[in-house]
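Note sheet for the following structure.
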Amino acid sequence: MAAKNSSVTEFILLGLTDKPGLQIPLFFLFLGFYMVMVVGNLGLIMLIGLNSSLHTPMYFFLFNLSLIDFCYSTTIIPQMLKSFASKQNIILHAECMTQLFFLCFFAVSESFILSAMAYDRYVAICKPLVYTVTMSPEVCLRLVLGVYVMGFSGALAHTENVASLTFCANNLVNHFMCDVFPLLEVSCNSTYINELVVFIFVTIVIGMSIVTIFISYGLILCSILHIHSTEGRSKAFSTCSSHIIVVCLFFGSGAFMYLKPPSILPLDQGKVSSLFYTIVVPMLNPLIYSLRNKDVKAALRKSLGRKIFSREISSI
C-alpha cells in the first residue's frame, strides 16, 4: 500500500554493487554467511533451552540475544539474496516500511539486551551474595519485556518518521535494504527535521545503552581490582570478555552509521557499516560466546555425548 501523500508504490533497491560479474559470487558468499548465522544462533538457542545447567539469567539473556540476531539477519539477508538473483530488486512500499520497522525493532532490542546483560554481569560479580534474589526469574522477565517494548517504540517512531515523507518520482534506493537514511535521500521534500529526529533518537538509545554498560563495567572493574587472587581476577575477566567484544562490534559499527549525517558518511560507505552490524555481528555472536565460554562448550560436549551414546545403544 502506498503512502497517502506519495505517488510511489514500490522501490528499486540498487543493492551492494552494480557489477553483474559479482552477483553470483556475492550470492553464495552471503548465503554462506546466512547459513552460519542460522546454525550458530539456532544451535545456541536449542543448546540453552535443552540444558538445565544453562537455565540461569546470563544464558536467558543470551538466549534472547541469539533470537534477536536470528530474526535481525532474516529480515535482511533473504531480500539481499533475491537482489543477487534478479535483474531488478523491486520491493513494494508497504513491504519496504515493514522491513524498516523490523530492522529498527531488532536493532533497538539488541542494544538494550546488551545493556541488560551488562547489568547481569555487574550483579554477578559485584553482588554475588544477593545475585539469585536480584536477578530472579521475575526480574529477568521484566527486563526482557522492557527490551522488546523499547524495540517496538523505537521501530514505530522511525517507521512513522519515514512513512510521513513524500516520495514523488525517484524510487531508486541506493542500498540493499530499506534503511532510514537511504529512504530519506530519495524523498522529494525537505528531510532536515527527519534526519534530526533520527539523530536524536539514536543518540538517546545508544546513549542509554552505553551509559548503562559503562557504569556496569566501571563498577565491575573496581570490584575486580579488589580481588587479591590472580585466578579470581582471571575468572571475572573471562565472564565479561565475550560480552565486551560483542558490545564493541555492535555499537561501534552502529554509531559509525547513524551518528554521522549522511552528507558526511556517503551511502556506499554506509553499506559496508550496515553489512557489519546486520550480518557479520549476528553471525559472530554465537561463535564468540561458544568458543570463549566454558559452560557452553561443556553443555555442547554433553549434548553431543548423549547423541553418540543413543546412537551406540540403538545400533546394538
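Please read every residue number as a count from 1 along the shown chain.
In case you wondered, yes, glycine gets a Cβ from its N, Cα and C as well.
Taken from TrEMBL, the feature domain 'G-protein coupled receptors family 1 profile' applies to 40-289.
Outside the transmembrane segment (24-47) by six or more residues, the chain places 16-17, 54, 62-63, 66-67, 69-70, 73, 77-78, 80-81, 84-85, 279-280, 282-283, 285-287, 289-290, 296, 299-300, 303 with a CB less than 8 A from a CB of the stretch. The transmembrane segment annotation in TrEMBL covers 24-47 (among others).
For 59-80 (among others), the entry in TrEMBL reads transmembrane segment. Non-local neighbours of the transmembrane segment (59-80) in the same chain are 13, 15-16, 30, 33-34, 37-38, 40-42, 44-45, 48-49, 89, 91, 99, 102-103, 106-107, 109-110, 113-114, 116-117, 120, 140, 143-144, 147, 176-177, 246, 278-279, 281-283, 285-286, 289, 295; each lies 6+ residues outside the stretch with a CB under 8 Å from one of its CB atoms.
Look at TrEMBL and you will find 100-119 (among others) tagged as transmembrane segment.
Marked as transmembrane segment by TrEMBL: 139-157 (among others).
Residues or ranges marked as transmembrane segment by TrEMBL: 196-224 (among others). Here the transmembrane segment (196-224) has Cβ contacts under 8 Å with residues 108, 111-112, 114-115, 118-119, 121-122, 125-126, 150, 154, 157-158, 161, 180-181, 184, 233, 236-237, 240, 244, 247, 251, 254-255, 258-259, 261 of the same chain, all six or more residues outside its ends.
What TrEMBL lists as transmembrane segment is 236-259 (among others).
What TrEMBL records for 274-291 (among others) is transmembrane segment.
Among residues of the same chain six or more beyond the transmembrane segment (100-119), those with a C-beta under 8 A of the stretch's C-beta atoms are 58, 61-62, 64-65, 68-69, 71-72, 75-76, 143-144, 146-148, 150-156, 158-159, 162, 177-180, 183, 205-206, 208-209, 212-213, 216-217, 243, 246-247, 250-251, 254, 277-278.
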